[in-house]
Amino acid sequence: MGSSEDQAYRLLNDYANGFMVSQVLFAACELGVFDLLAEAPGPLDVAAVAAGVRASAHGTELLLDICVSLKLLKVETRGGKAFYRNTELSSDYLTTVSPTSQCSMLKYMGRTSYRCWGHLADAVREGRNQYLETFGVPAEELFTAIYRSEGERLQFMQALQEVWSVNGRSVLTAFDLSVFPLMCDLGGGAGALAKECMSLYPGCKITVFDIPEVVWTAKQHFSFQEEEQIDFQEGDFFKDPLPEADLYILARVLHDWADGKCSHLLERIYHTCKPGGGILVIESLLDEDRRGPLLTQLYSLNMLVQTEGQERTPTHYHMLLSSAGFRDFQFKKTGAIYDAILARK
């Protein structure tokens, strides 16, 4: 093969073997490799890591060396032995003690998303999510499927907490929200975004509105230091009365649903919203031609595999919001994974 053919073949193999890279990351997190190395007083050899994570020495060595190639670990040789330690990347994002840890998100992706993606061809053929085929759970009620057990619900909520620990600040500072003293985070889970709002806009008060099971889990498993300013209310935002607010936040909510349900929800928010109030939509925005960014395209395909929705362009969101009655549409690409849209009543 010529050089261009070689390059094309290597690219093909990179794509075909990409799932192996994901599984290395998932497995190392699942086994606790990065936590073990973070807690150790110094670099550890294969035997020590294998003993610490209760795994075979052979398998552990293979996993550690691949993590080195992926720049997740560093290795040094002393006396003919290899000793491993975390890189800055793994220390920041792959240890559970880090404030920017993404371990729960990666575990959720490995246990749930990855398995659903095994049915991608069926999802494309049928145009629907694959919870029934993957887990035997009917998906007529989307979040009944997503929250199919208490453990799965907690895992998903922890994953979202981690997403906003990294991405919350960029989307909440895309616009000056200090003009909205009373906020409501619809579908706000365990309140990670609400906490970030408190730190950025200490004069505001915020209500997290979510279904009863989520509110119960939030109160049981997550800690709060701003109880006097963050209020949890139970309800279904598709049918129950919405809390009064100057600003309604929808973060990673609309992408779960088809246009019809999005329109229904936005109309309910518009009718409840005070005159001059607003709505902040936080999503990963597609380019107008829908051919990028690649990560957002992949997220949109994930919406097919796991939800009823899709990722959308700014124009698509403008249409949904204006049809519900909102005006003064603005959007900002943050340069991070998630972007922000603000509209007013």
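From the backbone N, Cα and C atoms, a Cβ is placed for every residue, glycine too.
Listed by Swiss-Prot as binding substrate are N302, Q306; the candidate from D256, D259, D328, D339 that the record includes in that site is D256. Going by what Swiss-Prot states, the S-adenosyl-L-methionine site holds Y147, W164, G235, D236, F237, R252, and the candidate of D122, D176, D210 recorded there is D210. Each of the binding-site residues D210, D236, D256 was scored by the other Cβ atoms within 10 Å of its Cβ; the lowest score goes to D236.
If you draw a 10 Å sphere around the CB of H255 (active site, proton donor/acceptor), it holds 23 other CB atoms from the protein chains shown. Taking Cβ-Cβ distances under 8 Å and a sequence gap of 6 or more within the same chain, the neighbours of N302 (substrate binding site) are S113, W117. Counting other Cβ atoms within 10 Å of each Cβ, the lowest count among the binding-site residues Y147, W164 belongs to Y147.
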